[in-house]
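Taking it in order: structure first as structure tokens, then the write-up.
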Protein chains: 2
Amino acid sequence: MQRTLISETAKKTGEKVELFGWIDSIRDHGKITFIDLRDATGIVQCVGEALDKVSVESVVSISGTVVERPENLINPNLETGKFEIKIEKMEIVSRAAELPIPIGGDGADIDEGLRLKYRYLDLRRPRMAKNLRLRSKVTTFIRNWLTKKDFVEIETPILTKTTPEGARDFIVPSRLQPGNFYALPQSPQQYKQLLMVAGFEKYFQIARCFRDEDPRADRAYGEFSQLDLEMSFVEQEDILRLTEDLFSDLVAEVFPEKKISSSPWPRISHKEAKEKYGSDRPDLRKDKNDKDELAFAWIVDFPLFTEQSKEDFYHGSGASRWAPSHHMFTAPRPEDIALLDKDPGKVRGLQHDLVLNGYEVGGGSVRIHDAEIQKKVFDLIGFSEKQKEEFAHMLTAFKYGVPPHGGIAPGLDRFLMVVLGESSVRETIAYPMTAGGTTAVMDAPSEATPDQLKELGITVRGK
Amino acid sequence: MQRTLISETAKKTGEKVELFGWIDSIRDHGKITFIDLRDATGIVQCVGEALDKVSVESVVSISGTVVERPENLINPNLETGKFEIKIEKMEIVSRAAELPIPIGGDGADIDEGLRLKYRYLDLRRPRMAKNLRLRSKVTTFIRNWLTKKDFVEIETPILTKTTPEGARDFIVPSRLQPGNFYALPQSPQQYKQLLMVAGFEKYFQIARCFRDEDPRADRAYGEFSQLDLEMSFVEQEDILRLTEDLFSDLVAEVFPEKKISSSPWPRISHKEAKEKYGSDRPDLRKDKNDKDELAFAWIVDFPLFTEQSKEDFYHGSGASRWAPSHHMFTAPRPEDIALLDKDPGKVRGLQHDLVLNGYEVGGGSVRIHDAEIQKKVFDLIGFSEKQKEEFAHMLTAFKYGVPPHGGIAPGLDRFLMVVLGESSVRETIAYPMTAGGTTAVMDAPSEATPDQLKELGITVRGK
């Protein structure tokens, strides 16, 4: 007999079905036993007599007949509440021991370390399963929306070169060149700009990015996903409008219960944001208690440079007082180019930050596409000749016909955190790391073997 | 004035347009100059007088009028051959120096190292641009096809735990736990099985995988992409049928010029393949000169174990002569379970390899979902207690209600290589590494700074 999904049982009243799933709950009334059976499509009540003893969360198969419930036993809260399965046979496929964490409720009272250790159980929690399903809906929607607009999705490398983009790199020792290291990309920034040089004009990717920064509620440790996109022959206005259209359509389709506070989204200069709201990511919701309100806003006209601080992981920080406010590929406003020589602190960049309910959920810019201006920026942020050498490929690429280009990179985890009303990005990720950098379920990082270290030409200090 | 795409010019005869793009070729006839202008959507001939000197591959904007060509000057080989642009104004946006590699032709005669160094130019080559656009079409098709069948796309971690899955790991030193290491995943195998334990039932991901193995024409060094998928409550037959439907529909939609040799695809036992074809990935094309023939086949009934060899990077190779033929999570055929104790070499596994034109383009299996059988397999492949400890989370997970499950992981790069008729997977990847493990465009691997090494608690030997 073929498996019937629980979502299909409603159409099968009077028919024999075979269901597979997990035992969501059991009510043993002596002779008669009620079982709520759960699969990926729903929950249905099953009733049987003289059943084998079975524990909650065991996997079973149940053969039986779909019968209508008497009027007084209908459960209006359940999609399948008008009927039940009269069990003819139940087989235990995989018995469940007592669970180490409860999976009912929202899990907020359970130690997060335990939730991550048993993530495969934690993801049975309806809230978590729903979050991941919505995440998949969001990426599907984004991909199809951009594909319809002729964007090409292109995968860029994970094993790449260390580049001073503002955060700490993860590095990977090379076996073929012992003593040398790859770096994991902080973003595909250079690769996507080079795709513009290659002539693709419209690129996107749901890209994995890696930053060895201390975690926060709105930042997962180690890796995160961003919608990375870039366009050629565009001005800042085009990027803002495309992003606004994309997210407005996304919210309407995937989160129809949400209301966007104001459209078009407010555009606020960095200066005004600081003066009026004391923040460059102001929370513009009209009613902060409204869980369905989404207040998007653009922050624009950032200064191109900020003063370097000792906390900056900005590698070029020796010879100059300037660090890039966004990153070193951001173009200055054309009318401010003359100020690069005279008063760099006054130069405004063509940067745009996407803000949602007080969170920065994305940033981007129009990029420099002129080698001379790029060189000038490298000088202003104090790059040594050696550091310039590390970006020589960008200056070289700029010699062979470069279109004006720009883009944006909304963070997927953080956007989902805000729109789902979660308190941490980890509630939107299948297997996030703990705050201490330990992987979910598996016990990493862990020791490497002496053979591995030898092949890679490295040793662990103190061993 | 708004930009007109070259693909839109055909509809604008008699109208003024502004085009942006690259100069594909120039023919200077003295007073009059012919320019073929290229953008991401096409090529069009532009004609002007007294134009500024400009080099091929420079980026320009051209304003002009779309005019019909006289009958005798129509170019039937060009979509835009019936008309041309009468140039009123041309502005040079970005001048191109002489290119270090030619971008006409298929590039087969150019040193691959040079092609990768200037990949942003190499990707202007029509063949390469087309390959990447088709790659994007393929992944879009696959994603939508699976999504319609209620599969959920779930991202799994890249920073994870080292596990002995048969190849060499890349490892990543941890700053938060100096002296310990993450590993990059050889595949999301365990994570996807744990998603089945979590109850998602249908999972997929276009997953990045990492193996530090020597490169071959059909294997990129370092990283590759696979369509990773897993299903619960299925038998091997369900996995084969789904995969066959998916790839048949994909070929019909994205590669309509291709013909699949025989449907349903032949299923050949491992034994028969070896005996009849001398290979477990036979090339079943009827005509090996037909570039549009695709001969898919299934190889099944593999032995569960093979004899370990010294070349195996199989970590548990000390105490036993057996290594998993696929991987250590593959289920034995139910009727062969008794042989695990008596004659392990005779046990057949529920493994399936997807073969296309003589290449293995995917492999998968029904997995073990019973902790006792999994333990037995760990023993047979000679796992030490410490190694078993490293997989304890799988055995633990198997205690809490596990559905029968299985899946497959077709390699995206290799499938594309075969279907596009390319001689190397690198022709299907935007920025592949060289055979020597050096990154495209950027010069990695490279030295880490003393500060980085110190933070990570490692030293480079001999320094």
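Numbering starts at 1 and runs along the chain as it is shown here.
Using the three backbone atoms N, Cα and C, a Cβ is placed for every residue, glycine included.
Automatic prediction, not curation, is the source of TrEMBL annotations.
TrEMBL assigns the feature region 'Aspartate' to residues B:189-192, out of the candidate ranges B:1-4, B:133-136, B:189-192, B:369-372. Cross-referencing B:Glu153, B:Glu155, B:Glu360 with the ATP binding residues that TrEMBL gives (B:Arg211, B:Asp212, B:Glu213, B:Gly411, B:Leu412, B:Asp413, B:Arg414) picks out B:Glu360. Here ATP is bound by B:Arg211, B:Asp212, B:Glu213, B:Glu360, B:Gly411, B:Leu412, B:Asp413, B:Arg414 per the record. The longest Cα to Cα distance in that group is 19 Å. Checking the recorded positions B:His29, B:Asp212, B:Arg414 against chain A with a Cβ-Cβ cut-off under 8 Å leaves B:Asp212. Recorded residues B:His29 (site 'Important for tRNA non-discrimination') and B:Arg414 (ATP binding site) have their alpha carbons 47 Å apart, per Cα-Cα distance. Taking each Cβ in turn and tallying the other Cβ atoms within 10 Å, the top scorer among the recorded positions B:His29, B:His326, B:Arg414 is B:Arg414.
Across the structure, B:Leu412 (ATP binding site) and B:His326 (L-aspartate binding site) place their CA atoms 19 angstrom apart.
Under the three-state DSSP scheme, B:Arg367 (L-aspartate binding site) falls in the strand class. Nearest by CA distance to B:Asp413 (ATP binding site), out of the binding-site residues B:Arg211, B:His326, B:Arg367, is B:Arg211. Within 10 Å of the C-beta atom of B:Asp212 (ATP binding site) sit 24 other C-beta atoms, taking all shown protein chains into account. Rounded to a whole value, the Cα-Cα separation of B:Gly411 (ATP binding site) and B:His326 (L-aspartate binding site) is 15 Å.
Cα to Cα, B:Arg367 (L-aspartate binding site) and B:Glu360 (ATP binding site) are separated by 20 Å.
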